[in-house]
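Student: Pasting the feature list from TrEMBL:
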type     : residues : note
DOMAIN   : 58-165   : domain 'Ig-like'
DOMAIN   : 172-270  : domain 'Ig-like'
DOMAIN   : 279-372  : domain 'Ig-like'
DOMAIN   : 377-471  : domain 'Ig-like'
DOMAIN   : 479-572  : domain 'Ig-like'
DOMAIN   : 578-664  : domain 'Ig-like'
DOMAIN   : 676-774  : domain 'Fibronectin type-III'
DOMAIN   : 774-950  : domain 'MAM'
REGION   : 796-821  : region 'Disordered'
COMPBIAS : 799-814  : compositional bias 'Polar residues'
Amino acid sequence: MITVVRTVKNCSPCESMIITSLCWPVPHASLWGFTHLPGLFLLTRCFPRSVSVSPLLPPVSLHHKGDEIVHSGAACNVKDDNISERIYTIKEGDTLVLQCIVKGHPRPQVRWTKTAGSASEKFQETSIYNETLRIKGILRVQGGRYYCKADNGVGVAAIKSIRVDVQYLDTPVLTVHQTISDVRGNYYLEKTVFLRCTVNSNPPARFIWKRGNMLIEQSKDNGVDIYEPLYTQGETKVLKLKNLRPKDFADYICQVSVRNVCNIEDKSVTFRLTNATTPPMIRLSVNDTVVVDPGQDVLLTCEVTAGFPFPTVIWSRNPGPLPLSAQVRGATLILRAVTPADAGFYNCSAVNNVGNPARKNANLVVRSNNLTFQITPDSNKDSETIQMGRDLKLSCHVDAIPQDKVNYTWYKNGAPVFNSVSLILLRSDPEMAPGTSSLEIVDMKFRDLATYSCVANFPGSTVPELRVDVNISQNSVSPPVLSVPSGGQVVNVREGGIAELVCLIVDGKPRPPILWSRTEKDLLMPSGRPVEETADGRLRLKNVSRDMMGAYRCQTAPYNGLNIKRREAQVQLNVQYPPILDPVFQDVRSRYQMVTLRCTVLRSNPPRLTDIRWYRNGDFIRMPMPDLKETPEFKFKLEPNNNGSYECRVTNPAGTSTCTFNVTAQPYNAEFYFDTPNPVRILKGNNYSYNLQWTQRDPEAADRIIGYWINVRKVNLQSKHINLKGREPEKGVLLSHTISDLRIPLSYEVRLAPITTYSTGDYISRIIQYSEHHVCGFEDERICGFSQDRSDDFDWTRQNHQTQNPKRSSNTGPDTDRSGTKEGYYMYIEASQPRVQGDKARLLSPLFNVTSVRGPKGSGRVPYCVSFYNHMKGKHIGTLNVLLRVRSIASVDSVIWTKSGHQGPDWKKACFDISPSGPFQIIFEGIRGPNFEGDIAIDDVSITIGKCKQENTVASAGKTGKIDYF
């Protein structure tokens, strides 16, 4: 296995599927850090068409062995359902780890989503754009179907799903309900008790009832019924004790179980039933409504008057939670220094699981002290001024809670006002807001010109009385005149600055406050409120942003002045900002030819540009003054001496913005291909080779690429030049180079850079690591380096569900690969004609070198574990043999595993240990049986250093397969 560390993310979509070939000789060059190798390295291989170059790959459809979702978290079970979807079962609170294994080039980007919403960043440790999704302490609400989507811009994105089933078992809740009913014409009373046990669980729980330590069985006790009620939340079982008997007074245990799934232990709850068992009763120490002044302390006590077992008291608030300053001491709730924000309903509940909980609540009202007034001229005459012989109304309002706790008193020139023919008092004016007191002056005379006072007081409160005086005379009351100062209709401010919008009342008595709002009704004020009140008409805005730009409406308030048609005006806020340019940054690769750089102005406020300047590497480029009305543009011929950073600085009165262009004749970086099938080849001695593959991003963008520098680093920096000999890389085509004589088991850093006639591109880097571990799911056409034996009678065939012959016999052969996915491949032998009994097909593994590492104590050989899945379904199944071929002076094949005849419809796993004495191969030999229903298949072949682990595994879709150990 090769472990790759990717350090470059230059990914461009594949636009072509061109297959070509490369063939080049390479001169002598030395590698880095090969202290065990000669100083010279000679590459004289000519790569054949079928090996060296292949097309770029899109992310293929995800499946179990190639691109898949695998798990490494605390799974209880992983199985496949009947629609070929994997189900991942996990215990609540454990860590979920899902990994999306993807194929494709350029390397696909992965995104995780979830049914009924996105896989949110809020509940996981890793990004949803990571190949690994990790959720620590998973909750039951996080179960569901998770999707892994891989996309690299080539073809259709690949999507795979897995269903996560979170298992849990809560502690059950047991409640008791009692009934007493007449029986047989009042001859005696029957007392019946219902014990209701409720639990939330997944999977559904099993209930067990016990009296003391004795199991209660309905069939053996006529005095009980056990049933499941309808229309209950959660899972519920009821134990009914009929006509209560003396032995029924006992301890009752409700035990719930999910049969130890995910190692979830059983849970239980105990209730002692006695003849004193009663439901709770409570009373509050205060009235239903409590009115207090701001700053007061409030004590609410919930006294328990009945209930056995003794109830537990719980305090809550509606709406919202208890205030942060609230203290709960037993049954008492203490609120310190209350404010109007603490107002609301406070609920006391007493619970002892007998009957229904007892509940009481108190409405806490905190007084307010905002007093306003209104002067309403005769509305019947559409008047806006005070006129003799017409009616006039004075109104007074306090934003108090509750309104009925406020007393209003009216005075005229200091003397109390009483109802009369000309003066009418209204405690609650129906034409005004609730709780508004009004004084109506009917058919106004000169005697009514006076100073009127409205006094609001709060009986039983420490809040001082509130007073407002209104002078009524022909000169003291006049309509307001609203005006925007000259030059203030449009306010210009730079983004990030401070703006002041001004609307003044230049005439009128009394002068009401000014209310500000946005003219577009859906827009809020910068404070987040729909309306802002200003006493002086000046609206101050700080840190102004462009989203604040627009029209603002100023209006006279309908209170603290004349209650007439509201005066209004508008002020336009114009936020100035520097030009918005495109592109902000652009990487320009070009041959040595004419280059055009264009900097487009998308938006600018003010739109008038004042200056455009071009710079190269920070130095001003002298050129004729450009037309400020045209798109800034700079044309020049790219030469070896004028590569570098070009800037276009565009200025308007608000500031300067910059377009930056990195202009170079260097080629783009190469892009490593990370899905090379079997890149490792084991050589003689203790060495191995690696087949490195890559593509060149947009090879025609810059000067012609003539070769690549490849550096292999272990100790010292040395380089090797790959000469293309006139063959230019093509977009979307894989290039290939074999790095030989690497030392087992060392890892190496490989760096690669393209070379042109004039320059060398930037290096990209990756790590290659040797591992004596070979796993093959036959997902690639090259079947992981396995090969057909030329000396046998026929070949093994690579197939998946989608490539099966629709006319094939359903009585033999697998329907899907061993994971149950339709896309996954496997190898099989076709027993139909022209095959005859005894025909053999042999499949050879790659050659494995036995390293110098010594085996276990007492043994000089290194053990290997060989495992694979086999499918042998059919009445004419022949034999499947596994042979070990050890390479020496004369190769020797020996049978190390064999199975014959029908083995059932499922995939089954086989494991065995080998200790070869030298380089070896594993051979799978299928022998045809007596007739055509004898297809044999293999899948997921694994050859791993070390002995096999004894394990149980799921071998088929939703079914457990047997594992054979040898």
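From the backbone N, Cα and C atoms, a Cβ is placed for every residue, glycine too.
No curator has checked TrEMBL annotations; they are predicted automatically.
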Student: What is the three-state DSSP composition of the domain 'Ig-like' (377-471), stated as helix, strand and coil residue counts?
Tutor: 9 helix, 39 strand, 47 coil
Student: So, by DSSP, how many helix, strand and coil residues make up the domain 'Ig-like' (578-664)?
Tutor: 0 helix, 53 strand, 34 coil
Student: DSSP helix, strand and coil counts for the compositional bias 'Polar residues' (799-814)?
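Tutor: Counting residues per DSSP class in the compositional bias 'Polar residues' (799-814), I get 3 helix, 1 strand, 12 coil.
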Student: If I take every residue in the domain 'Ig-like' (578-664) and average their pLDDT values, what number comes out?
Tutor: 93
Student: Helix, strand, coil residue numbers for the domain 'Ig-like' (479-572) per DSSP?
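Tutor: The counts are 3 helix, 46 strand, 45 coil.
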